[in-house]
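Shown next, in structure tokens, is the structure this report addresses.
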Amino acid sequence: MKNVLSIQSHVIYGHAGNSAAVFPMQRLGINVWPLNTVQLSNHMQYGHWAGSAIDAAKMEQLVDGIAAIGALKRCDAVLSGFLGSPPQARAAVEIVRSVKAMNPNAWYFCDPAMGQTGGIRPEPGVEEFMVQEMPALADGMSPNHTELQKLAGRRIETVAEAVEACRALIRRGPQIILVKHLHDRNSPADRFNMLAVTETEAWIGQRPLYAFPRHPVGVGDLTSAIFVACRLRGDSVRAAFEHTLAAVHAVVKATYDARRYELELVAAQDEIARPSEWFGAWVTDA
């Protein structure tokens, strides 16, 4: 069984960061080692919250503890999400390097959270670190549309421009770019677009877009987690992309149908493992 170290925020109530990522990856057959960068009562969109961030040095100490018992060499991948400060981002880099030193076959997937995540906004300097440092280290990245524009340093309005931006990013280091949410001026307003790009291929997929009164938090964290889990279990990029598209849709639909604000992860757990509705991805020649 594969093991992933997941470095993200955490909420006690609800689903965001590791609280949205850990269970779906486990449901897909992956052992998850959660390292919480932030511990909050709930995500901040509620308007009231309690909690705090973990010290960056403590992050490294915790991973050193795993290494001390001889377990770090069994880590097959690192997934990072919200990193709240430049010291936390630097700690994540050192952790990835430690994992790869122990297991040269381990890979790193970076969800480059640069904007507001569950009401939390990273400190100044994190965005610059993500843009300048992370692409050279990451084996894969999963920006949303806004984050892709920041990484590429350009405005993106079409699928062709997005593919071009992803390929430019790939030339800096990553092998795979998963665009969790792509705005395309040519797409219907009721469709949600995702894009997966490698050096030689690109796939686009669409799922229904639901009109929530308040959009649930954690969908991006869920998306990255499912994609990483599918890749870890051996799925091809396209198969992982299609499974992610279908599984995330199932969770979002279950949440919408239940009229809930928090993601219905437990209710939709069978759909995460075996989605009943598939949308398929098609190759884009953009």
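Every residue gets a Cβ built from N, Cα and C, even glycine.
Following the DSSP three-state reduction, the secondary structure of Ser9 (substrate binding site) is strand. Positions annotated as substrate binding site by Swiss-Prot: Ser9, Met44, Gln45, Asp221.
Neighbour density for Asp111 (ATP binding site): within 10 A of its CB lie 32 other CB atoms from the protein chains shown. Residues or ranges marked as ATP binding site by Swiss-Prot on the basis of sequence analysis: Asp111, Glu147, Lys180.
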CB contacts for Gln45 (substrate binding site) [other CB atoms within 10 A, all chains]: 17
Environment of Asp111, Glu147, Lys180, the listed ATP site - residues of the same chain whose CB lies within 8 A of the CB centroid: Pro112, Ala113, Met141, Ser142, Pro143, Asn144, Leu178, Val179, Gly220, Thr223, Ser224
Conformational class of Met44 (substrate binding site) under the three-state DSSP mapping: helix
Whole-number Å value of the largest CA-CA distance among Ser9, Met44, Gln45, Asp221, listed as substrate-binding: 16
